[in-house]
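Here is what TrEMBL records for this protein:
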ACT_SITE  154  active site, proton acceptor
BINDING   113, 162, 316  substrate binding site
BINDING   189, 191, 277  divalent metal cation binding site
COMPBIAS  402-413  compositional bias 'Acidic residues'
COMPBIAS  426-437  compositional bias 'Basic and acidic residues'
COMPBIAS  446-471  compositional bias 'Basic and acidic residues'
DOMAIN    42-329  domain 'Histone deacetylase'
REGION    387-519  region 'Disordered'
């Protein structure tokens, strides 16, 4: 496909922007999320979510969305994907007790990159509940749902990875599959979306597309040759990129590839992980995208008029993360925001220019036109081998996720659901021939920055909460206009089969199964 016609797929549908079709948008936010603190010097700072929210308020965007406080996910909700012993560990471990659980810390990869901190499990419950709540909202007719605290794409079935503990994306996709035959996952974080790809590697009901830095870079996976396996063959697309890619080069791949994906796969819903570490100037990144270039991906996927779940992800220069996600919220609403930033709670972070946009740098773009053309040709060829829009055998649809009122007298709040309806076929024992080299790259297992002096950005989230919040009965509507409340946080995903965990306990997995195995 000629790059000049890259926009044809989306632009043939309703346009975006102020003159485009309005979308019904909901936005999930918990005011406590900015209090969580990974620790001194750690680049992941949940405080960026509070900064983003402050900008949204000052730009007047909260008045244009339904604003919901997420209901925390319960143990059994998280165990729709994750192993029950892993979730039990996350619930119980604390900074004070971790030294008594050295073996478990090593087993579940919790430690340096993924530290134990006050409120760890509560944070996991919050961001996972928000993502699944967004999926429920889309299943009930909303056009776009936003959860900037989500998008933690590295978490595995029984292992933390890359600052991620619980994979809210997989849980949200499983919820969407209750209403949609096919769900598309798109990842524009600079790191490969390995956890989501692995979870859906053997199914044709979920297509995963990841645009990422490849080669001696965390997590070391995402080769263009990793294409899926068995029924999922050609349903995993990887776009490996090199340092310094700019807006024009990025879109020369993104638009033609996504246009073909939408044509061939015809998803009923799209999940877009908007990791902001692919922006120019990110502390852990090496790309050179502008905020407008990054947001062009959101604008393009919005243009297809398919239910869209927007999630956060990486992003470690937090003033730019807040800028980016604020601007992309405007894109979701069809609003072009003024570059001059309104005064806000964190105004001093955005000096000396106090503008929404930041110019990209003059770093070298190591992605040659020849290499980009080869990648585009290869991926479009893979897509041409797919049969259009795979069908799903008729079966009874699982019930929508619901959060009941908390029962204070219930002794076992972590009792598992015992339902057996499946929204997918299972293939637990299929070998991963096409991705056998995924774990062979050594030295890329750690996602951290180079040693250096702690900056202001490293200190942004120093306010800590030492309390774990209890369950809330509903997703609370906290929008300024107090729109009608809708129960947005239901998470009952049917559990088709039992699989033994490493400890010998039995855990129920949804289809498609998690296929990650420790090396």
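Every residue, even glycine, has its Cβ placed from backbone N, Cα and C.
For residue 277 (divalent metal cation binding site), the count of additional Cβ atoms within 10 Å of its Cβ stands at 24 [all protein chains shown]. Each of the binding-site residues 113, 189 was scored by how many other Cβ atoms lie within 10 Å of its Cβ, and the smallest score goes to 113. Taking a C-beta cut-off of under 8 angstroms and a sequence separation of 6 or more, residue 162 (substrate binding site) has the following same-chain neighbours: 113, 114, 154, 191, 218, 219, 447. Mean per-residue pLDDT, taken over the domain 'Histone deacetylase' (42-329), amounts to 98. Other C-beta atoms found within 10 angstroms of the C-beta of residue 316 (substrate binding site) number 23, with every protein chain shown included. Packing around residue 154 (active site, proton acceptor) is summarised by its Cβ count: 28 other Cβ atoms lie within 10 angstroms of its Cβ, all protein chains included. A Cβ within 8 Å of the Cβ centre of 189, 191, 277, the residues given for divalent metal cation, is found for these other residues of the same chain: 190, 212, 213, 275, 278, 284, 285, 313, 314, 315. Residue 191 (divalent metal cation binding site) has a Cβ environment of 29 other Cβ atoms inside 10 Å. Put simply, residue 277 (divalent metal cation binding site) is 6 Å from residue 316 (substrate binding site) when counted between their Cα atoms.
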